[in-house]
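Trainee: This is the structure I want to talk about, given as structure tokens.
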Amino acid sequence: MDTALKRSRSEEPVELPPPAREAEEKEEEEERMEQGLEEEEEVDPRIQGELEKLNQSTDDINRRETELEDARQKFRSVLVEATVKLDELAKKIGKAVEDSKPYWEARRVARQAQLEAQKATQDFQRATEVLRAAKETISLAEQRLLEDDKRQFDSAWQEMLNHATQRVMEAEQTKTRSELVHKETAARYNAAMGRMRQLEKKLKRAINKSKPYFELKAKYYVQLEQLKKTVDDLQAKLALAKGEYKAALKSLERISDEIHERRRSNAMGPRGCGVGAEGSITSVENLPASKPEPDAISVASEAFEDDNCGNLVSEDDSETQSVSSFSSGPTSPSEMPDQFPAVARPGSLDLPSPVSLSEFGMMFPILGPRSECSGASSPECEVERGDRAEGAENKMSDKANNNRVLSSTSAGGGRSRSQSSTSLEGQALETRMKQLSLQCSKGREGIIADIKTVQIG
């Protein structure tokens with residue numbers, strides 16, 4: 001029983017702690033994402049071509065380096081062999097090698113002069129043949145022109161003769177130059193041969209004794225020259241293979257940069273709005289339709305102006321109605337003459353601090369219409385309205401003073417400029433309200449005087 005329990009416990013999967021499990025799940029998710037990206041993205045066909053070039057260049061470089069190393073090793077081995085054998089032979093021959101060196105040097109110079117003279121002779125012969133062929137062409141052209149009975153000398157014939165003449169002149173110049181070079185080389189060759197014969201007669205015994213040494217030296221010299229030429233060719237081929245390898249690497253690097261840039265742009269996605277611009281996006285088309293919301297001060301000032309003007313209009317209407325009841329004049333207010341001065345509309349109110357609409361209502365109580373008073377045309381009603389206006393003016397001045405005190409207290413002792421500006425604004429507001437109340441009282445006095453005049457009349 002115990003063994004069965006142990007076996008069942010051992011077969012149960014071991015639960016990992018939460019951090020280890022999360023890390024393992026994260027790694028598995030990253031691996032799946034990488035595999036998915038690799039499967040989704042197709043391999044750029046340019047990569048395959050550049051990789052083939054890179055592999056081919058690598059093989060060429062390895063092969064050329066091996067061949068170059070073998071050629072250099074062979075050159076060094078031949079050089080060592082020639083040095084050892086020539087030293088042994090020089091020791092065997094003795095002093096005759098040093099004595100016969102001038103002769104062999106003169107012989108080498110004569111051989112070089114002979115080769116130059118042969119080359120100059122070939123150039124001279126070639127120039128002579130070209131000159132002869134050009135002269136024959138001109139003679140044949142002239143002969144055909146003379147044999148023709150019509151003798152039509154057209155532009156094509158003239159152009160052919162011009163080319164033939166030009167070739168003759170060039171051939172003559174080439175022949176002259178080659179002739180001069182041939183003479184110079186022939187002179188050097190004759191001088192070298194004369195010196196060689198002179199030394200041969202003088203050093204005949206030493207020359208015969210050291211001849212095996214210099215013949216072996218010439219043999220190794222020719223062999224070393226051939227090996228040196230092979231090494232130079234292999235070095236040029238190796239440099240070419242390295243250039244191809246470098247070009248393939250640059251191409252692969254450029255393709256890799258393009259792929260990484262494309263992946264980065266795809267991962268970033270389209271560019272969105274800046275920080276803080278998510279909730280306040282307003283299109284250009286909706287700009288004309290959007291209107292700024294009025295603040296509390298502007299709403300209060302507009303309400304105050306509308307109520308004052310409404311009160312003035314209602315008072316004018318009531319007075320007009322009372323006048324029309326006592327007189328037989330015009331029955332509509334529009335037919336009455338303009339006897340009352342126009343009341344100036346107050347401008348926008350500039351308060352020293354933000355004031356809500358309810359506070360503004362407390363500061364400036366709005367008078368009700370004149371019709372609400374019991375005695376519309378009685379002097380008691382006029383006195384009551386005057387008391388209301390005076391009370392409203394007193395409350396307004398008290399409220400403005402309180403606002404000035406509050407604003408000056410909140411500003412602190414270090415803001416003298418803000419306090420002075422606040423007090424000036426409060427004084428300007430008080431002066432403006434006094435002017436408005438005076439204008440309203442003047443309008444009422446004029447209306448009362450007109451009513452009394454009508455009643456007396």
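If you go along the chain as it appears here, the first residue is 1 and each next one adds 1.
Placement of Cβ uses the backbone N, Cα and C atoms for every residue, glycine included.
From Swiss-Prot, for reference:
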COILED    46-92  coiled coil
COILED    99-147  coiled coil
COILED    156-202  coiled coil
COILED    213-257  coiled coil
COMPBIAS  1-12  compositional bias 'Basic and acidic residues'
COMPBIAS  25-43  compositional bias 'Acidic residues'
COMPBIAS  44-53  compositional bias 'Basic and acidic residues'
COMPBIAS  308-319  compositional bias 'Acidic residues'
COMPBIAS  322-334  compositional bias 'Low complexity'
COMPBIAS  382-398  compositional bias 'Basic and acidic residues'
COMPBIAS  406-427  compositional bias 'Low complexity'
MOD_RES   S353  phosphoserine
MOD_RES   S377  phosphoserine
MOD_RES   S378  phosphoserine
MOD_RES   S420  phosphoserine
MOD_RES   S423  phosphoserine
REGION    1-68  region 'Disordered'
REGION    308-347  region 'Disordered'
REGION    371-427  region 'Disordered'
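Could you give the neighbours, burial and distances for every feature on this list?
Mentor: Model confidence over the coiled coil (156-202) is summarised by a mean pLDDT of 88.
With a cut-off of 8 Å between Cβ atoms, the residues of this chain six or more beyond the coiled coil (213-257) that come close are 44, 46-47, 50-51, 53-54, 56-58, 60-61, 64-65, 67-68, 71-72, 74-75, 78-79, 81-82, 85-86, 89-90, 93, 97, 100, 104.
DSSP places the residues of the compositional bias 'Basic and acidic residues' (44-53) in helix, strand and coil in these numbers: 9 helix, 0 strand, 1 coil.
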Trainee: Can you name the far-off residues of the same chain, 6+ from the ends of the compositional bias 'Basic and acidic residues' (44-53), with a Cβ under 8 Å from a Cβ of it?
Mentor: 244, 247-248, 251-252, 255, 259
